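Sequence annotations record features per position, and here TrEMBL assigns domain 'Major facilitator superfamily (MFS) profile' to 57-573. If you look up TrEMBL, you'll see 58-76, 96-114, 126-144, 150-171, 183-206, 212-236, 256-277, 289-306, 326-348, 395-415, 421-445, 457-476 (among others) marked as transmembrane segment.
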Amino acid sequence: MTSEASPIEKGAVFDRAEASEKGDFDLVSRATSDDEAHTARGVQADDIPPGYWWSFRFLGSAASIVLLAASLFVNFNLPASALTVINAELGPSASYIWISDASTVVTCIGLLIVGRLSDILGRRYFLIGGQVFGVIGSAVMAKATSINMVIAGAVIYGVACTTQLTFPFIIQELVPNRHRGTAQAIITLLVTPFAGFAPVIARNLIQYSELGWRWCYMINVIFNASTLILLCLCYFPPTLNQLHTKWTWKTELKKLDYGGIVIFTAMSVLVLVALNWGGSTYPWTDAHVLAPLIIGCAMAPVFILYESYMPLEQPILPIKLLKNRAYIAVVVVACIGQMAYFALAILWPEQIEYIYTTDNIKIGWMSLTSGIALIIGEVIFGTLMTTLGHTRLQLIVSTIALFAFLAALGGSTHLDQNYPIAFTTMAGFFSGWLDIVTSVANGLVNEPGDLGLANGFLGSMKQLVGTISVSIYISILTNRYSVNFPKDVTVAAVGAGLPESSLTGLFEAIANGTEAALDAVSGMTPAIEQAVAQGTKTAWASTFSTVYYSSLAFAGLAVIAACFSSDIDSHMNGYVSRRLGGTEAMNVPAELTIKHAHLTDDDH
């Protein structure tokens, strides 16, 4: 065995043949070990009988993956547009923010664990079990009689999210490498109603249906149940006995990294709870926030050291993953891109409501710009990714363009609404391009046997970074508005003729929130009221501008990381990583699976 770092550890795109030629037999054995059954190995698409792609099991599995994605987007997007309504009916309760946050905490913890374990034990029962939790969680939330009951349902559903978020790599490993982007683009297109039009759907359900917001969850009971049925009938990926013919469930359960799971879980819970409490439930300087945040952050190096130096047979996070330069570049770009998109998803709807209109339906339609544009970007560039090639350059261009339009958005908040609409659309478009490239690259810069692990770690990091970014944005939004509001309203009111002696009464009337209170302010006129309203909008515009600019803080790092990513063009070929059991694809001779498990650049 060579003493040098393997190609994976140096950041090269994984190539078994190259590893073999260079003498990196440890890498070859890990990727295509002797105890892997030939039915679990990849093959070239040309060697798979054409009828396989039209078989009930393949089409049913593809349909279940589409529904898996739809369930995920329904759970996240529909209730997100109804939280205040839910709180008004079942509360009010300050805890209602945990309706969204509870799932996020569970998902962040579960993604890495589920991804790693499904690589080792097989994916089928993880996906089926996840959908069982999805049905139960959705039903609990749909029938909830209190905010705490909705939160309990969200915790249950968080387990389902850990499997639903695997949909990109689940479909990617079933299709030829060159069609991975197209496959994900098709799924994105099919779930557009729930990924892109969710605000409009939710607001119409609330306004026009008898059950109102409960339909946001009842729809998902149907989707999760349908997905569960299709998974049971059709989805038969390689089992533990096929992935590792010499292993058993009993022996593998004994080898699991339980210590790492406990440390990672505790670390994630402490950090995420602190971030969600900070600035809302408790001030950021409160011990309830600082204590778990500091302890959680301190556990991060402990976790890395534990995974690095403990003699673990199945570490939950193999350190080789963190030595893969190409993969870490993808993780950095994807996470910072997530921060940028969260700025659009969270701030833009509020900007519309506070500056442009208070009409619910109009807010819903205007809020679609970034989400629909993201879908269009994913669909176009997912389909064209192989044709365009130069994936590293694609990642660089999409990253630069995303942050350029985000900067333009920050400078346009004082302008007519048409400018922000255009800039949110373009930022969303390039965010979709960035997202599809990182998603496909994630699966091709790692060993096939570590695909679940790689996806799980990336997903956990995106969830964590997303939570951090939300906390930052909300904190900046709150603090800046508290400064801008009195300043801009004072200038507007006094400039319109309000006596300075009436300013105290003006702000008391604004806090009261009624028209009668405003009319009672000494010296108030319709012109001054209009000026005060405009001053409030000016304060919001300045505040949103500051928050958008804050999202650019890591733009340079994202561009640098994109420059250090690897081209995956040579691997956009006909290699199919996994086949479904009980189909004619299992009849491919063993010698072909061995041959095609060692790809070179000539195997296009």
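Placement of Cβ uses the backbone N, Cα and C atoms for every residue, glycine included.
A TrEMBL annotation is a machine prediction, not a hand-curated record.
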Stretch among 150-171, 212-236, 289-306, 395-415, 421-445 sharing the most Cβ pairs under 8 Å with the transmembrane segment (58-76):
212-236
The transmembrane segment (256-277) vs the transmembrane segment (183-206): three or more C-beta pairs under 8 Å (separation of 6 or more)?
no
Considering only Cβ pairs under 8 Å, which range in 126-144, 183-206, 326-348, 395-415, 421-445 makes the most contacts with the transmembrane segment (457-476)?
326-348
